[in-house]
Amino acid sequence: MQRPFADSFESSSEDSRKGGRGGAVAGGIIPGELAPGGGTPAISETQLGSRRTIANITAKEWAFLAITGAGVLAGAAFAIYFLATNAADMNSDFTLALLLLMNAGFAAYYLLDGVFTERAYELLALVGTEIMLLVYLVANFVYMKGWESPVKIARLTTAGVLAPPSVALGIMIIYEYFSSGNFIFRKVGADASLQRLCRRLFATESVIKFDLQSTLSVVLLIVKSGAFSLAEQLALGLGIGLSLLWNGLAIVAIRLENYSLTIILLITGLIQPAYMTFVVVANVDLLVDTNNTFIPANADFSNASPNVSLATSLFALVLRFGLLGLMLLAMRNYGNGLRRKLVPPILRRLTRRRV
C-alpha cells in the first residue's frame with residue numbers, strides 16, 4: 001500500500017546550488033552551504049528543520065538574544081519565587097506567577113526560533129508578549145500595593161529596565177527580517193511565488209503558536225480564579241492537553257499539506273471559540289453584582305481578575321478566528337511545491353513509511 005502522502009521528498013542533483021547570505025539561486029540552499037568568505041555554513045540542517053549557524057548571527061541579534069534572554073530568565077526566577085511563597089494561598093500573586101512562568105517559556109522559544117530561523121512573526125509575538133506581561137506586572141503592582149514588597153519592586157524594576165531595549169531591538173530586527181527575507185530566499189530560492197507562499201506558511205505557523213499561548217493563558221487565569229467548582233476546574237485543565245494536541249497537529253497538517261487533517265482541524269477548531277464564549281459569559285457574570293451594575297476594580301487585584309480574564313478571552317477568541325482564516329488560505333495553496341523544500345527530516349522519514 002502506498003504511503004499516505006503522495007509526493008516524494010527525494011532530493012535530486014539539480015537541487016544543489018551555490019551562494020551565501022543572499023547569493024542563492026532558484027530553489028534554495030543545501031545544508032552546509034558556505035557563507036560569504038567561505039568555510040562557515042550559513043544554514044545547518046537539523047532533524048527539526050533548517051537553522052542558521054551561530055557564525056551567521058549578527059552583533060545586533062546577539063545583543064537582542066542577551067538582553068531578552070536575561071529578561072526571560074529573570075522573569076522565570078521571580079515566577080518560581082512567587083509560586084513557592086504563595087502556593088498555600090492560591091491568590092492572585094500565584095496566578096500571575098503561573099502566567100509569567102508559562103509565558104516565559106513561550107518567550108524563550110520565540111526568541112531562539114525567531115532569530116535562528118528569521119521568523120519575523122514569532123519575534124512579533126515575543127514583543128507582544130513582553131508588552132502584555134509588563135502590563136500585567138504594572139496592574140498587579142498597583143492593585144496589590146506592590147511598593148510594600150521589595151521583591152515586587154525588584155521584579156517591576158527589572159522588567160522596566162530590560163523590556164524597553166528588548167522591544168526596540170526586536171522591532172528593528174523584525175523590520176530587517178521582513179525587508180530582507182534571507183532565510184526564506186535560501187530555503188525556496190528566487191521564485192517570488194514560492195517566497196510569498198513561504199511567508200504565508202511561516203505566518204500561519206507563528207499564529208498557531210501564539211494561539212496556543214493565548215488559550216493556555218486563559219486556562220491559567222480561570223482555573224486559579226476560584227470562581228468554579230472542582231469539576232469545572234478539571235474540565236478547564238483538560239483544555240491544556242487538548243490545546244497542545246490541536247495546535248501541534250495544525251503545524252504538522254500545513255507542513256505536510258494534508259487536506260484531510262486540515263479539514264478536520266478546521267472543524268474541531270471551532271470548539272475553542274465555543275469554550276472562549278463560555279469563559280467570556282462567565283466573567284461578565286462575575287463582573288456584575290446583584291444590582292446589575294459593574295463592579296469596579298479596586299485595591300484588591302482579585303476583583304480585577306475577571307477583567308483580565310475577560311480581555312484575554314476576547315483576544316484569544318478573535319485570534320482563533322483569524323487563525324482558521326489563515327489555515328484556509330494555506331490549504332488553498334497546497335500542491336505548489338513548497339512542502340518538498342520545507343518538510344524537516346523527521347517528518348520526511350515518517351511520511352515515507354508504508355502503512
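Please read every residue number as a count from 1 along the shown chain.
Here the Cβ of each residue, glycine as well, is placed from N, Cα and C on the backbone.
These features come from TrEMBL:
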type	residues	note
COMPBIAS	1-11	compositional bias 'Low complexity'
REGION	1-22	region 'Disordered'
DOMAIN	49-174	domain 'DUF7789'
TRANSMEM	62-82	transmembrane segment
TRANSMEM	94-112	transmembrane segment
TRANSMEM	124-144	transmembrane segment
TRANSMEM	156-178	transmembrane segment
DOMAIN	188-279	domain 'DUF7789'
TRANSMEM	210-228	transmembrane segment
TRANSMEM	234-256	transmembrane segment
TRANSMEM	263-288	transmembrane segment
TRANSMEM	308-331	transmembrane segment
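Residue counts for the domain 'DUF7789' (49-174) under DSSP, split into helix (H, G, I), strand (E, B) and coil, are 108 helix, 4 strand, 14 coil. If one looks beyond the transmembrane segment (62-82) by at least 6 residues along the same chain, the residues whose Cβ comes under 8 Å of a Cβ in the stretch are 93-94, 96-98, 100-101, 103-105, 107-108, 111-112, 115, 126, 130, 133, 151, 154-155, 158-159, 162-163, 165-166, 169-170, 173.
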